[in-house]
Amino acid sequence: MDRYILSLDEGTTSARAIIFDKNSNVLGIGQYEFPQYYPKPGWVEHNPEEIWEAQVKAIKTAIEKAKIEANQIAAIGVTNQRETTVIWKKDGKPVYNAIVWQCRRTAEMVEEIKREYSDVIKEKTGLVPDAYFSASKIAWLLDNVPGLREKAEKGEVMFGTIDTFLIYRLTGEHVTDYSNASRTMLFNINKLEWDEELLEIFKIPDGILPDVKESSEIYGYTKILGPEIPVSGDAGDQQAALFGQAAFEEGMVKATYGTGNFILANTGRMLLYSDNLLTTVAWGINGKVNYALEGSIFITGAAVQWLRDGIKIISNAAETEELATKLESNEGVYFVPAFVGLGAPYWDQFARGLIIGITRGTGREHLARATLEAIAYLTRDVIEEMEKLIQIKELRVDGGATVNNFLMQFQADILNKKVIRPVVKETTALGAAYLAGLAVDYWESMEEISQLWRAERVFEPQMDEKTREKLYRGWKEAVKRALGWAKVVS
């Protein structure tokens, strides 16, 4: 009987399930969207029950489309939007909506903590203090949901990022992996354990925290599909994508183009620190931990969604390529999509979106092009920071926006580096599948996985240096004008 791996890819706007075979081929995909809720300006929430329902439907659809039986699934891997915070009771019922990674409700709380503890947090967690991470979200829930702090002190509730919530629902086990734990701002990445001092700073009882495991091991078994199936892979979405790109060697870099852009560089066993980038755990396997440098860009693909749903100048994302190629250049129009502040390398919670360079002749093609170019500029901002510490020859790319050939070519041009798009686009889900499969000997080794990675297209830089640097200077000027804007108008 042929065996397969089921990967659960729980994103910011949809839950997906993908069936992979031993050669990394996709046999079936299920995908269901779920809503985001915005109770106040800057607040972003999900209903965890809607995530679970969407995930279960996605699993069933993927199995149907793959035309396989549940007993052919050798293992399940989980990958997830990171930092998003859920607290639930022991019966699995959430006590409040999930607070999403994009949510800014705790920005002022974090600013206060940052003044006193910024260096401590950076040294222990590798993170820049920001409302983006889980710690302040947990603190907010404990302080604002009636009776929750008391329940937490008694050990009656559990905290988890979305992976932990899904694994608990699947297996009854309260666990996470190193990569997800490293995004909470409570996990010491040197000692690989929850940190007492950080828990004290945020006033979080340790009894609500999950056990931290390797990224590839059996966490428990699920009978949700009938037969007992091991759940044996877990990694945050960006770390999973790095693994799915087979970026196993030091200095290998990938960029995922999704709701936001996330650039990770494998630094091997080395903990490298940068003032403007995050240091994070890439994965833990076979008793060894790999670290990574990360640049997190909050809004990229979401800016394209805004063109479609916000100002309604396109009907679908693919239109942006067609519109952008109608112009020879951006004609001086820049768009800084700082809808929720700016992440790496700026780390300005108070930056806001800006479109500059508009004239009477500016049309929707200019806005479409400026949006795509912004994604590439933001990515270069991060790569330049990384190159202060490591040498980067090429960029492996994945995520929805990589189908946009204009964007990929412009990315190669503005970086002056090769941009390589793989055959298998589902690298995040594939990474979780690989981690799950390794734990049950479906794949024997990381060397075997490396042999499966194949390039679909290589984009070579074609732009002359003078044009490249002129465009980038314009971008830097536009960003300056966006920084701190929320403070100016508050």
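Quick reminder: no glycine exception, Cβ is built from N, Cα and C everywhere.
On a predicted model such as this, the values are computed, not experimentally measured, just so you know.
The record from Swiss-Prot ties R82, E83, D237, Q238 to glycerol, and of the options Y32, Y132, Y178, Y291 it ties Y132 to that site too. Together with T12, T13, S14, T259, G301, Q305, the ATP site in Swiss-Prot holds one more listed residue from G155, G160, G400, which is G400. Pairwise Cα distances among T12, T13, S14, T259, G301, Q305, G400, the recorded ATP-binding residues, top out at 14 Å.
T13 (ATP binding site) and T259 (ADP binding site) have their C-alpha atoms 8 Å apart, to the nearest angstrom. Binding-site extent for glycerol: residues R82, E83, Y132, D237, Q238, maximum pairwise Cα distance 15 Å (rounded to the nearest whole number). Taking every protein chain shown into account, R16, R82 are the binding-site residues, and of these the Cβ with the most other Cβ atoms within 10 Å belongs to R82. With T259 (ADP binding site) as the anchor, the candidate binding-site residues are S14, E83, D237, Q238, Q305, and the one with the nearest CA is Q305. Note on T12 (ADP binding site): other Cβ atoms within 10 Å of its Cβ, all shown chains, come to 22.
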